[in-house]
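Colleague: If you look up TrEMBL, you'll see 21-44, 135-157, 178-203, 215-232, 244-264 marked as transmembrane segment. Among the features that TrEMBL reports, N-linked glycosylation site is placed at N95. Per TrEMBL, the feature domain 'Potassium channel' maps to 95-157, 192-268.
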Amino acid sequence: MLQSLAGSSCVRLVERHRSAWCFGFLVLGYLLYLVFGAVVFSSVELPYEDLLRQELRKLKRRFLEEHECLSEQQLEQFLGRVLEASNYGVSVLSNASGNWNWDFTSALFFASTVLSTTGYGHTVPLSDGGKAFCIIYSVIGIPFTLLFLTAVVQRVTVHVTRRPVLYFHVRWGFSKQVVAIVHAVILGFVTVSCFFFIPAAVFSVLEDDWNFLESFYFCFISLSTIGLGDYVPGEGYNQKFRELYKIGITCYLLLGLIAMLVVLETFCELHELKKFRKMFYVKKDKDEDQVHIIEHDQLSFSSITDQAAGMKDDQKQNEPFVATQLSACSDGSANH
């Protein structure tokens, strides 16, 4: 008897704080996922980093042996300056000196990566004035971009998602939830094909040093706004039609970002995902809802009384004018 009572009380306690328990498991799962990613990345990439470090040490030792007139300190100073310039997008290599980082098309590409928060990091402002303008430009531009993308995605979602689902539901009598799931899957497949696989094939042809996997990697990193910057198109030696190519990439990134947001919005509107998300939200108490309703009613009542008082004041202001008109009319009729 006591065990059954204790079990029922535990069940009631869990049900009462179900949202908190789900949120706790969500936080724990996210932390475990972070640790899992760190373990995998470390185990996969650390051996390659070690090989690269050993190779660089050998090259440095061989270079110093072949050039005895150059000291190790002078070499490190030169290499440090080269690496610093490379971090700003400036290369000392002869096959990369022909590409400017701040012509109009490159600056347009940079502005698009800043506003979309992609930020490859291959080109950064060099001057203090450029850094200050980048801060001001981003503070204004990023909320402006969010507003622009929200408005565009809302309009596109109406025509691409809501109307087709409603049409098949009303015209053919299919279940709305089933139609929404099938439509979301088809839309996701079309988006992945048009903005990932096809562009990856195109980039693998236009970029000399990229294979299909690297091109697909660039598309995903860019459209997910991760923007690591290890692969940036249009930076190769003697790139043909570089200006037009940069403008095309800018348009691709903008359209691809809109398409990704439309797909995410479509999946977020699924009934099953809405129910799943509500598991982690804080549920409002009935007392809070009643307080909100009472406050709303009081606000509505006060606004009505204010309107009525305003109408009475207007009537009082108009009464002397009406009274003078009536007295004038009565005096005129008496004279007649």
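Glycine is no exception: its Cβ is also placed from the backbone N, Cα and C atoms.
Describe the structural context of these features.
Modeller: Mean pLDDT for the domain 'Potassium channel' (95-157) in the predicted structure: 86.
Note on the transmembrane segment (135-157): residues 111, 114-117, 257-258, 261-262, 265-266 of its chain, located 6 or more positions outside it, place their CB under 8 angstroms from a CB of the stretch.
For the domain 'Potassium channel' (192-268), the number of residues in each DSSP class (helix H, G, I; strand E, B; coil) is 54 helix, 0 strand, 23 coil.
Same-chain neighbours of the transmembrane segment (215-232): 113, 116-122, 195-197, 199-204, 207, 253, 256-257, 260, counting only residues six or more beyond its ends whose CB sits under 8 Å from a CB of the stretch.
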Colleague: Mind checking which residues reach the transmembrane segment (244-264)? Cβ under 8 Å, same chain, six or more beyond either end.
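Modeller: For the transmembrane segment (244-264), the sequence-distant neighbours (Cβ-Cβ under 8 Å, at least 6 residues beyond its ends) are 105-106, 108-109, 112-113, 116, 118, 149, 152-153, 156-157, 160-161, 184, 187-188, 191, 194-195, 199, 206, 219, 222-225, 233-234.
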